[in-house]
C-alpha cells in the first residue's frame, strides 16, 4: 500500500544485499517460534553483505520495537510512508479484491457519516496515523537508525530514493537510473532485467490496481482528519512529505 515491495525488489538488485522474498512476520505473528526459526528463514549471507526482510505490519505492532531491539539494537529500519488517504484507499482496494462482499469504503471509514466522524479503529485508517506508531519506535530506536522513504517519490524518482536507501545502509550506489524504466500500462517504474534473465522485473498483478471511485467529500474529511497527525509526523521526523501540498495542487 505504500511501496515496500517495490523498494525491496529494487534493493535486492544490489550485490551486497540478500533479502528474503516472503514476509517472515517474525516479530508479530511468529515470535514464539524463536530466533533459530527466524535465522533459518533468512537468506545466507557472506561477510560484508546486508541481510534484509520486509514485514510492513511490524510498524503498527506494539511489541515489535522492543522485540527487535532486544535481538539487535543496531538494526537499521526502513519505513515507506505514503499519503495516508491514498494508503487507506489502496489498503481497501487490496481487501476488496479478496473479499468483494465487504461494505463500501465510505461505510467503513465513518463511525457516523452525518456527523462526519472518522472511524480511526478501522485498520486501513489507523495504520496511516504514522505519528502514533512512530512514537512507539522512538522509545527503543534513535531517529538516526530509521530511514523514512516517500512512497510517492519511489514512483516519481525511484533512483533518487534508492540513492538515499543505499547511503543509509552504507552501500555503494549501485542501483541507479539505469536500473529503472517507466511502465506506462502499470503507471509506475519497473526494474530492468538483470543480465542473467530475459524478462524485466515488474511487480505482480496485485500491484498498481485501479482504486474505486470515492466520494470527494469523504476524501476531504479524511484529509482534514489526517492533517494534524501528518504535521506531527513531519515534526517528529524532521521531513516534510508535502501531503497537504499535493491536495492544494489538485
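Residue numbers in this text run from 1 along the chain shown.
The backbone N, Cα and C atoms fix where each Cβ goes, and this holds for glycine too.
Record features (TrEMBL):
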- 1: active site, for sulfotransferase activity (ACT_SITE)
- 1-227: domain 'Sulfotransferase' (DOMAIN)
- 1, 2, 3, 4, 5, 82, 90, 207, 208, 209, 210, 211: 3'-phosphoadenylyl sulfate binding site (BINDING)
- 190-202: disulfide bond (DISULFID)
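In this structure, the CA atom of residue 190 (disulfide bond) is 12 Å away from the CA atom of residue 5 (3'-phosphoadenylyl sulfate binding site).
Confidence annotation: the domain 'Sulfotransferase' (1-227) carries a mean pLDDT of 90 in the model.
Cβ crowding, taken as the number of other Cβ atoms within 10 Å, peaks at 90 among the binding-site residues 90, 210. Close to residue 3 (3'-phosphoadenylyl sulfate binding site) in the fold, though at least 6 residues off in sequence, lie 80, 82, 149, 151, 154, 155, each with a CB less than 8 Å from its CB.
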